[in-house]
């Protein structure tokens, strides 16, 4: 469907339906992560199941797995991975949008290239995550703790500083990936830290504040830099002062006001003494088991560091940043992934080659980890039976064979069996049940990959795959709002606000909108896309009317947007960013559960102070370095 923005009638059914679907989509993405039950007629389900079994995609069901009833209950996930795509398919099915919106929402329009942004996120994500997987970030963070751990306040400050520096260079994902592991584990294992609230919220807030400085640190920054044709160096020069001032002022506010409690940040923290042998969580089967404090502490207090991989990763990261700054300084039209894709490919080849060279060592480490797991499981089974029975003669039967690669648990005898290979058949199973399937082959392939290329496998598993089914449909939905005339209406409304409030009102208003819409417009990525399109239309309105916007007002608004969508990640909901959802999941794996109401309650005073400081400094900055000369739109 093709619409002229100037003649679009938003009172027609297509624009109204598009806006309603956009709003409902964002509400569901932010507020819901559930499943919709789907009931399938059992004979139909069994027919498809048997077909997959015959084709050997999956193994046949055991007799005990067969359920009675006329219908089979399936679960369809309702979350950020499915809702935006479903909304786009619905709008296409009713002809509310057409080929034009899909093409411009995926290939790009008005300087925003979704494919470029997604490829950049994956390639840069591989580099930063591989550095984290090498143990460099964990090692650097522990060295800070080791040096300043005697004082709780000093430790809080230096972790705050370390997370800020890491977030600036490697982005918030790196801080969340490794910072959560360290902070949550430190809180678990310190007797005088009653609740980890101060440490985990500090870590999350500073990771998102720091990601505002470099374009490469956050996907939202790439969206804004592309939309307004801003070079990477120019972008950093305009946001670094407000961000750094915020970081300086925010620390005493967190320490002495928000978290001013001895049970949250104690005066001193004791660090345990452990083995000199470093532990690598990427290889061991027992990595960071929260039920085993000594083993968990081993990964924190004596972290594994792959010096070669860390050095290669840091060199590639630094080189990539330099190339990005140089490329965008010469030409804004160059796709940013041109710099990140070669570096990510080199790092991937390094990880593959290193894994293959050391495959025998890593496989041996994996076997040892499984042997240890067997012994620990046997010991736990023994302890459980001793508690239940007065006799211990038949408490435990343990049989461990050399090179064990699989385990069996028998509840009847409390025995733990580790054998070289799982038996192909048993007295109670048929050869058909144990024949190989595509599923079993994939499981074996995954295990082989983990024990042969541990670094590459771990890094790939942490890439932002949910970004694809979420971001691309969100770009299409925003482009649908453009085509149906809604973005133009929003731009007129924004223009009226700026006319009444001036430069200060523009910066304050955009700061407020960007934070709020990060929570209610499909994460901060959706907010960045939506508000960027509104500001583009705002500039176009003035260009057509011959009434130019001042450079001071326009660029102040743009950089307020950049700050707001980064800070908005730590505001009211986990769904304000992909990082927030990853942060909650990582904490849950460490047995730390943060409720939504607690998340909003703790973050509200932090986001208010952070935005007030940054926007105030930004106002002063634009009045010093900008003037009232007319803003001239940059051509692509």
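Heads up, the Cβ atoms here are built off N, Cα and C, so glycines get one too.
Among the residue ranges 96-116, 117-137, 201-221, the one that TrEMBL annotates as transmembrane segment is 117-137.
Looking at 72-92, 240-260, 261-281, the range annotated in TrEMBL as transmembrane segment turns out to be 240-260. Per TrEMBL, the range carrying the annotation transmembrane segment out of 50-71, 336-357 is 336-357. For the transmembrane segment (240-260), the list of distant contacts is 153, 156-157, 160, 164, 197-198, 201-202, 205-206, 209-210, 212-213, 559, 563, 602, 605-606, 609-610, 613-615, 617-618, 621: same-chain residues at least six beyond its ends, Cβ to Cβ under 8 Å. Mean predicted confidence for the domain 'Citrate transporter-like' (115-340): the pLDDT average there is 76. With a cut-off of 8 Å between Cβ atoms, the residues of this chain six or more beyond the transmembrane segment (503-522) that come close are 25-27, 29-30, 80, 84, 470, 474, 477, 494, 497, 528, 530-531, 550, 552-553, 556-557, 560-561, 563-565, 567-569, 571-573, 575-577, 607, 611, 614-615, 618-619, 622-623. Within the same chain, residues 1, 78-80, 83-84, 87, 90-91, 94-97, 470, 477-478, 480-481, 484-486, 519-523, 526, 573, 575-576 sit at least 6 positions outside the transmembrane segment (12-32) and bring their C-beta atoms closer than 8 Å to a C-beta of that stretch.
The largest share of C-beta pairs under 8 angstroms with the transmembrane segment (336-357) comes from 117-137, of the ranges 117-137, 157-183, 310-330, 604-625. Annotation: stretch 604-625 has the most Cβ pairs under 8 Å to the transmembrane segment (558-583), among 117-137, 157-183, 310-330, 604-625. Sequence-distant contacts of the transmembrane segment (117-137) (same chain, at least 6 residues past either end, Cβ-Cβ under 8 Å): 166, 170-171, 173-175, 177-179, 216, 219, 222-223, 226, 280, 282, 303-306, 309-310, 313-314, 316-317, 320, 336-337, 340-341, 343-344, 347-348, 351, 455, 458-460, 462-464, 467-468, 471-472. Below 8 angstroms of C-beta separation, residues 124, 127-128, 130-131, 134-136, 139, 169-170, 214-216, 225, 230-234, 336, 338-340, 343, 346-347, 350 of the same chain, each at least six residues beyond the ends of the transmembrane segment (310-330), sit close to that stretch.
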